[in-house]
Structures are given as C-alpha cells and as structure tokens.
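Chemist: Below are the features listed in TrEMBL for this protein:
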- A:8-286: domain 'UvrD-like helicase ATP-binding' (DOMAIN)
- A:Ala29, A:Gly30, A:Ala31, A:Gly32, A:Ser33, A:Gly34, A:Lys35, A:Thr36: ATP binding site (BINDING)
- A:287-563: domain 'UvrD-like helicase C-terminal' (DOMAIN)
Amino acid sequence: MDISSLLAPLNQAQRKAVAAPLGHHLVLAGAGSGKTRVLTHRIAWLIQSQGISPSNLLAVTFTNKGAGEMKERIENLLATPINAMWVGTFHGLTHRLLRIHWQEAQLPQAFQVLDSEDQYRLIRQVLQNLNLDEDRWSPRKIQWFINSHKDKGLRPQHIEDGDNANTWQMIRIYHNYQDYCNRNGLVDFAELLLRAYELWRNHAPLLSHYQNRFTHILIDEFQDTNAIQYAWLQLLAGDKGALFIVGDDDQAIYGWRGARVENIQQLTQDFPTIGITRLEQNYRSTQIILAAANAVIAHNAERLGKNLWTQDQGGELIQIYRAFDERDEARFIVERSLAWQAQGRARADIAVLYRSNAQSRVLEEMLLQARIPYRIHGGLRFFERAEIKDTFAYLRLMIHRDNDPAFARIVNTPPRGIGDRTLAQIREKAQQAQISLWQATTQLIITRYLPQRAMHALYEFQQLIENITIAIEEFSLPQKIELTLNRSGLLSHYQKDSSERGQSRLENLKELMNAAAQFKPEEPHLNLLSAFLAHTTLESDDNTSSEGWEDCVQLMTLHAAKGLEFPLVFITGMEEGLFPSPKSLDEPTGLEEERRLCYVGMTRARNHLYLIHADQRRLYGSNSCPKPSRFIREIPAKLICELRPQTYTPINSPITHKPEWNLVANNTDFQFGQRVRHHKFGEGTILDLEGEGDAIKIQVNFNQIGPKWLSLTYAKLQII
DNA sequence: CTCCTAAATATTTTT
DNA sequence: TATTTAGGAG
C-alpha cells in the first residue's frame with residue numbers, strides 16, 4: 001500500500017493532521033469527526049511513509065478495549081502485525097514498566113495490583129488498626145483523599161495539614177495505608193502511575209533509555225488525563241519526543257475523578273511549537289442534531305471553541321416528550337422501540353441514556369413487560385464479582401502466602417469455623433510482630449495460643465492451601481482453576497445456593513475457566529498464572545460474554561455512551577435536579593461538565609434524538625415535580641418538536657394504563673413509526689408518507705391486515 | 001453459622 | 001423505594 005491510498009479516504013483537515021510534520025501536534029477533534037481514524041492513520045503513516053519503526057511508538061488510549069481496537073485497525077491498515085509498538089492505557093503501560101523494573105521501583109517482583117474494592121477493604125483494615133471509627137472517618141472519603149493526592153503526585157509527606165486536625169488525621173491514615181502497601185507489595189491503580197513517574201524521575205539512565213526508544217508518543221482522549229499522567233508524559237517526551245495528541249475539550253466528563261481539561265491548554269504552553277488541527281466536520285449526525293448540540297455547548301464559557309458541521313442538510317427535529325412520570329417515560333420508549341422494530345430496524349440501533357444508574361430499573365421493568373430484549377452496559381464487571389474474586393484469592397494465596405488481602409478474604413470462605421474473633425487475634429499478632437497474616441497464623445498454632453477448635457480449623461486451612469498448591473502444579477491454567485474450585489470447597493459452596501443468584505455464580509465460574517483457556521499472555525516477565533491474575537485486575541472486560549447479546553436495545557449511563565453512536569437515541573430524565581445533577585451545581589465547573597455530558601449524549605445520535613422529561617418522578621422513594629432541564633431550553637425552538645400529553649384520564653374509564661398523547665406540533669404531519677388507529681382496520685404503524693397537501697398518502701402497517709396505503713384526507717386516522 | 005431485623009444510603013467509573 | 005450491610009438472637 002502506498003501513501004496516497006493511506007491519505008485518500010481522508011478529508012482535508014484529517015489529512016493535514018495525519019501528515020503533519022514530525023513534531024508536536026494537537027488535534028482538537030469534535031464528536032463524530034473521525035478522530036480514531038486520524039490516530040490510526042497517523043501511526044500507519046509514521047511507519048509507512050516516514051520509515052519509523054513500530055518499536056519507537058507509544059500509543060495511549062482511554063480503555064483497554066480501545067487499545068485492542070486501535071492495534072487491530074493499524075494492523076489492518078498496514079497488513080502486518082506491530083507487536084513491537086506499545087499500545088495501552090496509562091495504567092496498563094505503567095504496569096508493564098513496573099513489572100520490568102520492579103527492582104528500581106523498589107517493589108517485590110511478585111507485587112500485586114489492588115482494584116478499588118481491594119483498596120477499600122484495605123483502608124478499612126488500616127482504620128481498624130489505628131482504632132479509628134468508620135462513622136467518623138468514612139473509608140470512601142479516605143479512599144478519595146488518597147487517590148486524589150496520588151493523582152496529583154503527592155505522597156503523605158507532601159501534603160500540608162494547614163493546622164487542620166481533620167486533614168492531619170487523613171494524612172496519618174494515608175501514611176499508614178502506604179506503609180502497609182509497601183510492606184506487602186501492594187499497588188493500587190493510582191500508585192501504578194505515581195510509581196512509574198517516580199521511577200523515571202529518580203533514574204535518569206532509565207528515563208533516557210525510554211526517551212530514546214519512544215520517539216513518537218500518541219495519545220487519545222487527552223481531555224481525560226490527570227495531573228500525574230501529564231507529568232509522566234512530560235518526562236517521557238523530554239526535549240526530543242514528538243507528541244501527537246487527540247482530544248475534545250467539549251467531551252471532558254471525568255473532571256470529578258481528577259481529569260484536567262486544562263491539560264490541553266497547558267500543552268500549548270509547555271510545547272509552544274505544537275501544531276494544531278481542528279476536526280469539525282461531522283460524519284455522524286444530522287444537521288438538526290448538530291445544531292442543537294452546538295447550541296447547548298455554546299452556553300459553556302470555558303471552551304477552546306469549535307463548531308461542528310455536516311454536509312448533510314436537515315434531518316428530523318429533536319423530539320421532546322413530556323412524560324407524566326417515570327413509568328410513562330419508559331412506556332413511551334417501549335412504544336417507540338416497537339414502532340422502530342415494526343419498520344424492520346434493529347433493536348441494537350436504539351440507545352436509552354440516563355444520568356444515573358438508579359433510573360434504569362423502571363426502564364428495565366417496562367422493557368421486560370413488553371418482551372423487548374435489552375442490554376445494560378456498565379454495572380458490576382465480570383472480574384469484580386465476588387465468586388471470581390474468591391477464586392482469585394485462593395490462587396493468589398497459593399502463589400504468595402503473605403498476601404494478606406487474599407488471606408482475609410478466604411480464610412472463612414466457604415465457612416470453616418474461623419470467625420471474627422479468631423481473625424482479630426491473627427490480625428493483632430500480625431500487627432504486633434509486623435508479619436503477614438499467614439505467618440501470624442503459623443505462630444499462633446505453634447505457640448498454641450488459641451482455642452482448640454479455632455486452632456484446628458486454621459491448621460486445616462493451611463494444610464488445604466499447601467495441598468492444593470502442590471496438586472495443581474503440573475496442570476494447565478483452566479485446570480488449575482477448576483481443581484482449586486473443587487478442592488477448596490468453593491464450588492460446592494456455591495452449588496448449595498439454588499437461588500437465581502447462585503445459578504449465575506456457577507455460570508460465571510464456568511465463564512472464568514473459558515476466559516482462562518483463551519488467555520494469551522503478553523507479559524513475558526511472569527508465569528502464566530500470575531500474568532492472568534494481573535491481567536484480570538487491570539482489564540475489566542465487560543464483553544466477556546458478548547456472544548449472548550444478539551439484537552438488544554442498549555441501556556447505559558451518559559458516561560458509558562462516550563465514543564459510541566446509534567441511529568436512535570433517547571435521553572431520559574432531562575430534568576432539573578436530575579440532569580444537571582444537583583450535586584454538580586455546588587461548583588461552577590460542575591454545571592459546565594454536566595452540559596458537556598449533555599453534549600456527549602446528544603452527539604451520540606445519528607438520525608433520531610428524543611429528549612424526555614417527566615412532570616413527576618419518584619426517585620429513592622420520594623416524589624418530586626421537577627422542571628424540565630435547562631439544557632432543553634438551551635436548544636433553539638425551531639429545532640424542537642414537542643410531543644405533549646393530552647387529556648389524561650377519560651371520564652368513563654377510571655383506570656388508564658396507557659395515557660393518551662397526541663402530536664401537537666407546528667408540524668401537523670404524521671411521523672414514521674407512529675402508532676395510529678383506523679375505525680375499520682384497527683391499529684397499525686406508519687411506514688411511509690407520500691405526496692403533499694390534499695394528495696398526501698400514508699402507508700400503514702396494520703396489525704390485522706398488514707401494510708395498506710390510505711389517503712389522509714379520507715381516512716380518519718387517530719394517533720395513539 | 002445462619003437467619004432475621006434494623007439501619008444506612010443511593011452521580012457519573014476506568015484502571 | 002430497594003438494596004446492601006451490620007449486628008443480634010437463636
């Protein structure tokens with residue numbers, strides 16, 4: 001393949017970015033403007049046309065999934081594998097570094113990565129050790145305190161308590177937590193980044209080695225980077241490294257977890273030679289949808305400025321539905337989804353977006369009732385499920401006896417008579433002798449310091465672990481897991497639970513063995529089992545069982561929708577007090593972030609966009625009568641079509657499950673996909689419209705007799 | 001250890 | 001409202 005065919009499918013701006021001179025370059029890429037394409041083509045261009053070796057490239061993506069996809073696309077473009085290139089998330093890449101340079105990073109070779117739940121448990125443990133009350137010192141707050149400081153590159157000794165007793169105590173807890181992690185070779189997510197940063201900062205030869213290696217650094221979703229990631233990047237880039245950065249300040253929606261949009265502006269100051277390209281032509285949405293999204297985001301003051309446009313003209317108006325309550329909102333979505341299906345369109349084309357997960361329940365209920373298959377994105381991830389983590393805890397303990405979190409998790413799972421009292425004694429011993437829980441247990445058994453029963457149970461437990469360790473040695477990865485499940489009694493423990501939950505647990509364990517069978521390591525530095533364990537904490541893989549999801553309506557939060565697109569999008573709960581969320585209104589930047597979230601949601605839609613708000617909503621048990629979201633009012637009236645409910649309850653039918661609503665619009669036409677009733681043919685769905693004025697004809701697919709053309713002037717059609 | 005009741009608590013989430 | 005969790009009784 002030659003260069004011209006690499007650049008040929010691109011528009012002018014995209015081409016400018018892809019073939020930009022070999023220096024720093026910043027691409028401000030609006031939604032749907034083909035940013036992934038630019039990034040992959042840039043990499044292909046560097047390799048192919050500039051003769052740069054893949055081993056000189058480092059590419060950073062926001063998610064692991066994104067990393068996999070990017071690699072695949074580049075390999076397709078070049079028709080050759082590019083294994084020498086490093087592609088991954090910040091966490092994935094720093095983890096890789098730390099595995100290679102564990103000695104310089106002052107970590108044990110077998111260091112373990114803690115996920116958020118592990119971290120949370122550990123913090124609670126530390127609080128207990130310090131004799132602090134959980135009600136006074138909320139573990140969640142502490143977790144946030146620790147992570148947000150690590151995200152800024154701050155160790156406990158760098159934080160000023162400002163003569164505040166509260167802060168002083170928090171710092172003390174952070175300190176204790178960190179000491180514990182260091183003693184036990186535990187590394188949380190934020191620590192991966194901070195450690196890797198310090199590794200380079202403190203080891204000049206190492207840094208210059210990587211500076212020489214990675215001469216071209218490419219980063220996606222830059223608006224979501226935090227301070228430590230930026231600092232890490234600055235180190236790596238040094239004086240010579242060329243940065244190619246892609247981002248969109250209007251899609252920065254992770255400020256609440258430390259992401260800094262300002263990093264984009266910072267970049268232009270720190271790297272003054274940086275070239276800038278704006279990608280503003282959108283290939284996704286209709287002109288109407290873009291105009292509406294542009295109008296909303298224009299209300300933000302803090303912007304670099306960008307205006308999306310499309311070659312297409314017109315499109316369907318943004319439909320606003322004012323529902324009676326959250327059930328009516330869901331009912332409306334069901335109705336429209338059925339109509340969509342009746343047109344022969346795929347359910348997977350439909351996305352239902354909401355601000356908070358709690359809103360999904362009513363939607364699920366109604367979809368279930370209407371027998372519409374749906375899929376919820378997000379929620380509990382596969383590798384975070386309790387049964388999976390229990391299994392891993394056994395494996396971890398077998399690899400490394402001193403793994404305290406693993407020990408604590410499974411000493412009594414399944415129950416084997418080792419209660420809280422016994423565990424507390426083990427903990428006390430461990431703390432006082434500065435040894436691991438496992439060692440403390442051994443000590444307690446030797447000194448016969450415990451009641452007979454507990455001692456016996458503990459002895460049995462240790463024997464169990466020793467025995468399984470030996471037993472599984474020679475087996476393959478999935479067999480190891482299976483044996484562990486059997487011998488530990490975990491499997492029969494879960495089998496005893498015949499509830500629906502127990503069933504799904506067993507299925508998950510089966511799925512786990514599948515995943516293990518398919519696992520191929522990319523880390524040569526670890527044995528297979530350790531590599532698999534590290535992989536699973538770093539990759540949340542929500543597509544583990546993606547095959548089962550044929551054609552489903554897609555339900556997800558607005559955050560989870562970033563990067564996706566759908567022909568038909570519903571944004572629900574467009575109400576003050578829900579979206580924008582009241583908690584965001586405390587700080588001025590909060591509202592702007594909510595508005596960006598709205599912008600992200602709207603720009604997910606290709607052709608049809610529905611914004612729904614309810615007059616009344618029950619959330620967390622209490623009722624409220626919210627006002628429509630300000631974001632709706634920020635859309636120019638001419639882009640909107642309002643669908644309003646009319647007469648609520650007819651006098652002669654006291655119970656109406658389906659409130660009737662009607663189309664009241666400047667636009668008196670019927671719409672595609674709408675349900676109508678004919679006095680003779682019954683109910684049906686509008687498939688097509690033809691002609692103008694009096695000659696207008698309409699095709700309706702009736703439930704009983706199938707599709708039929710009718711003249712609108714004669715057929716008295718009633719919208720239902 | 002298991003079962004029960006009472007209490008707390010619920011924005012967004014990838015790594 | 002509903003779901004998870006902590007604590008107490010049996």
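Glycine is treated like the rest: Cβ placed from N, Cα and C.
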Chemist: Mind giving me a neighbour count for A:Thr36 (ATP binding site)? Other Cβ atoms within 10 Å of its Cβ, every protein chain shown.
Modeler: 17
Chemist: Mind giving me a neighbour count for A:Gly32 (ATP binding site)? Other Cβ atoms within 10 Å of its Cβ, every protein chain shown.
Modeler: 22
Chemist: In this predicted model, what is the average pLDDT of the domain 'UvrD-like helicase ATP-binding' (A:8-286)?
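Modeler: That region's mean pLDDT is 93.
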Chemist: What other residues of the same chain, not counting A:Ala29, A:Gly30, A:Ala31, A:Gly32, A:Ser33, A:Gly34, A:Lys35, A:Thr36, have a CB atom within 8 A of the CB centroid of the ATP site?
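Modeler: Once A:Ala29, A:Gly30, A:Ala31, A:Gly32, A:Ser33, A:Gly34, A:Lys35, A:Thr36 are set aside, the remaining close residues are A:Val38, A:Asp248, A:Leu279, A:Asn282.
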Chemist: Tally every other Cβ atom lying within 10 Å of the Cβ atom of A:Gly34 (ATP binding site).
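Modeler: Total other Cβ atoms inside 10 Å, all chains included: 21.
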Chemist: Near the Cβ of A:Ala29 (ATP binding site), how many other Cβ atoms are there if near means within 10 Å?
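Modeler: Result for A:Ala29 (ATP binding site): 28 neighbouring Cβ atoms inside 10 Å.
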Chemist: According to DSSP, does A:Gly32 (ATP binding site) fall in a helix, a strand, or coil?
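Modeler: Going by the DSSP assignment, A:Gly32 (ATP binding site) belongs to neither helix nor strand, so it counts as coil.
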Chemist: What number of additional C-beta atoms lies within 10 angstroms of the C-beta atom of A:Lys35 (ATP binding site)?
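Modeler: Within a 10 Å radius of the Cβ of A:Lys35 (ATP binding site) lie 22 other Cβ atoms.
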Chemist: Return the residues near A:Gly30 (ATP binding site) by Cβ distance under 8 Å, restricted to its own chain and a separation of at least 6 in sequence.
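Modeler: Set apart from A:Gly30 (ATP binding site) by at least 6 residues yet with Cβ under 8 Å, we have A:Asp248, A:Asp250, A:Arg278, A:Leu279, A:Glu280, A:Asn282, A:Lys306, A:Leu308.
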